[in-house]
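Per Swiss-Prot, the feature ATP binding site maps to 250, 251, 252, 253, 254, 255; the stated evidence is sequence analysis. Per Swiss-Prot, the feature coiled coil maps to 22-59; the stated evidence is sequence analysis. Residues or ranges marked as region 'Disordered' by Swiss-Prot: 1-29.
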């Protein structure tokens, strides 16, 4: 027998050794048991998850309610706590028990609580921050608040514990719970500063042309009292509380207000402040909100007027905010806005450095109480420019420093512009309006304004720029460079066509009122 056969015989005999076979089988069983244990663990975990989900699905629903107060909390001789609480469940007040797991000391008024099917408080939840919005009308001494809704209906509410120490002022907006019992949160206010254009103007009276008479009047009304207070005191003369600038649109009312703020600042040595707000921006559909914004504007003016700093409060489009009450022309919102404005205006007498200037295209629509002496004392009519004033205005925008037509100066071009604009012939006839048997021809001269003159000059400048771009710097005999008389007349033609289209597309009567015109019979 060879050596290879002997080794094979020994290996076979060893493989048939009972101990080795038993050890091998034990290893296999151990591996199977380990795998079964893992499978059993996974199955147990899955069973637990399924049971938890089943318990969740089978759990009764919880009802949300609002906590009012702890009604009773005591401990008997066995050490068992007995506690109950008063809650608001919808509009129903109920007294319900507290679960032993709920700490009564951690429940505050207005807080949300959860009730189980047996009407037991089993948990608390966050105080809701959504619900009906109300405006605070009055704060009572005991901490309660009088609030009003959009319709003006008033009610008394209490503070939830979450806002017990939060400062709440009149006019603040608050969120109340659905039952109308608790204030849950205070909303951030819409700041009047968001509506104000607050600036230090750099416009002076020298920048305004054609309004010498109006400038002289507003200097006397506003600038003298600010800069010569000692003389006014000696003569027992009070400064006017306000000035109303009225007249057709686009004729410099805002520029005059800015210029007076600039002049007052220069005279006082401090930076003057120009607070500008448009009347329609103050109108708000929520009751009391417009009045609150008016109060905030005057409060802001008072803050800025410290240390002799002059402040101009400029209210544009005043006729939209302070319309005549009781005429049926406006909604009843003016019945509260006008008195609030008058109250603030009457209080301006204690503010030596605050002046109110209003601007309006329709003085006939402003409430008479606003216009009476002692309120807006000075009324200045900013009229449409005549030919002399139009020449002065045009020269502010058309100067010799601009690239002009060779051989022409700014005076000659401005005079040509004004002559063309004030012609009363068919080429400048915008429309013939007829209302209730009265006919009138409306010409460009009837609606000319400072804004229109500037627009015409800008049109001519644009035409000159386009010509420069098209032809470059090459001079051509057939088309002179710069602002030419021909381009100015083309600009007037463009303005004429634009205004004629506007008249034809609008109601004639309304257009006349907006532009402060009347239909006087003139034989046209």
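Backbone N, Cα and C define each Cβ position, glycine as well.
Where Swiss-Prot records a feature, it is marked here on the structure.
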residue : record           : Cβ neighbours (10 Å)
250     : ATP binding site : 20
251     : ATP binding site : 27
252     : ATP binding site : 25
253     : ATP binding site : 26
254     : ATP binding site : 18
255     : ATP binding site : 21
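Cβ atoms within 8 Å of the centroid of the Cβ atoms of 250, 251, 252, 253, 254, 255 (the ATP site) belong to the same-chain residues 245, 249, 256, 359, 382, 450, 451, site residues excluded.
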